[in-house]
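J.: First, the structure itself, so that you have it in front of you.
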Amino acid sequence: MADSTSLIVNKQTKGGWNAAVFIMVVEMTERFAFYGLASNLMTFLTNELGQSTATAAKHINTWLGVSYLFPILGAFLADSILGRFKTVLLSSFVYLLGMVMLPLSVTVVAPRLREKAFFMALYVMAVGEGGHKPCVMTFAADQFGEASAEEKATKTSFFNYWYLSIVLGSSIAVLALIFIQERVSWLAGFSVIAGSVGIAVLIFLIGIPRYQKQVPVGSPLTRVAQVIVAASKKWRLSTTRHHYGICYEEGTEEDKSESTNAHLLARTNQFRFLDKATIIDEVDNTSNKSRNPWRLCPVNQVEEVKLILRLVPIWISLIMFSATLTQLNTFFLKQGSMMNRTIGDHFTIPPAAFQSIVGVTILIFIPLYDRVFVPNVRKITNHHSGITSLQRIGVGLFIATFNMMLCGFVEAKRLRIARDHGLIDSPKQVVPMSSLWLLPQYILVGIGDVFTIVGMQELFYDQMPETMRSIGAAIFMSVVGVGSFVSTGIISAVQTISKSHGEEWLVNNLNRAHLDYFYWVIASLNAVSLCFYLFMANRFVYKKVQDKDDDDVEGEREE
C-alpha cells in the first residue's frame, strides 16, 4: 500500500511544467550560445579569416548542414540504447567542449593553424548538437501527457512556448553578443558563449529530480525492417482481408509487452502492400514455433511504419523552405553591410544585429497566436490547435515564397541606387539607401517561422510512433541540414551557370553582383515546392489511435 502511494506521489511531482521549465531554460541558454556564434559567423570568416563571400557562405551552410544531420545518429542512440535523458546529458558535455575550444582557437593557437583549429571547434560542436538537438525537445515534450483533448492543447501550447524560449535566447545573443564581438573582441564574445553553455549544463543537472524519463525500447529501425521484410516475403498474397480469413492483431501477451504505446494504432488504407505483413498464411499456420517477427507482424507495428512513410513527402517539400532560411545568416547579412545603418552621428548598427528583428517578431506573434488566434479559430474549426499542423506549415511556406520575391525587389532597388551614385566599383562605400528597407523581409521571416517551424516541430513529434519521437525530431532537423546543403548547391550552380554566360551573379562586390536574380531563383523554387506540398498535404492521413482496452478510434481528420 505504501509503495503504491509513493508511486502516485512520484507521478504527481514529476513532469509537467515544473520539469519542462528547466529544460526550456537550458535550451534557451544553449540557443543563446549557438546563435551568438552563427549569426555573426559570416563577418568572422570574411573579416578575420579572409575568406571570400561565396566561400564563407558555403562553409557556413556546410557546418549548419552537418549540425542538423548528426541528430539522426543521436536520435537513434537515444531511442534504442541510451534514452533521451542520458543522450542530452552526454551530448551537452561534448557541446561544451567544442564551445571551450572556440576562444582557444583565437588565442593560444598559432596564426597559421587558427583556421583549422576554429573549424575543428565548430565540428566538435556539431557532434554535440547531434545528441542535444533531437532529444532535448522530445524530452521536454515527454513531460506532458496526451490522453485527453485538454492535455493535447497543453502540449500544443508547449510547442509554441518552446520555440518562444529558443527565439528569446537567440534574440538576446544577436543584440548583445554581436556588439561584444565587434566592439570589444572576438575572444570576449566566444568566452561568453562558452560560459553560457556551462550554465546550461548546470541548470539541467539541477532539474534532474523533476524529470520523467523514458526507457529505451531497443532499435526502432529493426521493427521497421521487420515489416518491410515480412511484406516482401508475402508479396504474392492478396491484401483483401477475407482472402486468408484473418490478419494478425496485437493480441498475445508477448506482443503487448513489446508495445510501449498507451494506445494501439487503427488500421488505415494507405500503403496496402505493407498490410501483407499481417496476413497469416499456410507457413504461419503450420509453424509450431512462436511467431517469427520477420514473417508475421501485428497491425500496430505495420501502422507505425506507415506513419513514417507518410511524413517522407512532407519532409521533401520542406527542403526549399530550409534552404531559404540559410540566407538569413549569409546574404542578408552582406546585403545589410552595404546599406546606411547609422543612427545619429556616431552609432552604426552591426549588420548581424538586424537578425534580432526576426526574434522580436516571433516574441510578439507567438503569444498572439497562442492566446488570440487559436482560441478564436478553435470556435470555428473545433480543432484543439485552431488549425492543423499541416495548415499551419502551409501558411508559413506561402509567406516564405512571398518574402523571397520581396527580397528580390529590395535588392534591385539597392543596385539601382548604387549605379545612380557611381558606386558600382566602390564596394567599401555605403550605398545611400536606408537599411530600414530590410525590415519587411526580416519581419516576414519571423512570421513565417511562427507558422512553419512550430508546425514542423509539432507534426514530426505527434505523427511519429511514440518509441521513435527522438528520431522524429531528428528527421525534422535534418530538413534544415539538407536545406543548408541544397543552398550550397544552388549557390554553386548559380555561380557556374552565370559565369558561363559571361556575368557571375555572386561576386564579392555586391554592387556588381546580381543578388536580386539569386533571390528570384530561390523564390521560384519555393513556389514549386509549395505546390508539391499542397498536393501531398491534401492527401495526408493523420494518426488514428484506439485504446488497448476498447475499439474507440480517435484521430484528426485528413487535410
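Note that Cβ sites are derived from N, Cα and C of the backbone, with glycine treated the same way.
Annotations in TrEMBL come from automatic prediction, not curation.
It should be emphasised that the depicted structure is a prediction, and the values quoted were computed from it without experimental measurement.
Pasting the relevant annotations from TrEMBL:
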- 62-82: transmembrane segment (TRANSMEM)
- 88-110: transmembrane segment (TRANSMEM)
- 161-180: transmembrane segment (TRANSMEM)
- 186-208: transmembrane segment (TRANSMEM)
- 311-332: transmembrane segment (TRANSMEM)
- 352-369: transmembrane segment (TRANSMEM)
- 390-412: transmembrane segment (TRANSMEM)
- 442-461: transmembrane segment (TRANSMEM)
- 473-497: transmembrane segment (TRANSMEM)
- 517-536: transmembrane segment (TRANSMEM)
J.: Could you check if the transmembrane segment (352-369) is in contact with the transmembrane segment (442-461), meaning 3+ Cβ pairs under 8 Å among residue pairs at least 6 apart in sequence?
T.: yes
J.: Using a Cβ distance cut-off of under 8 Å, indicate which of 62-82, 186-208, 517-536 has the most pairs with the transmembrane segment (161-180).
T.: 186-208
J.: Counting Cβ pairs under 8 Å that are 6 or more apart in sequence, does the total for the transmembrane segment (311-332) and the transmembrane segment (442-461) reach three or more?
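T.: With 3 or more qualifying Cβ pairs, these stretches touch.
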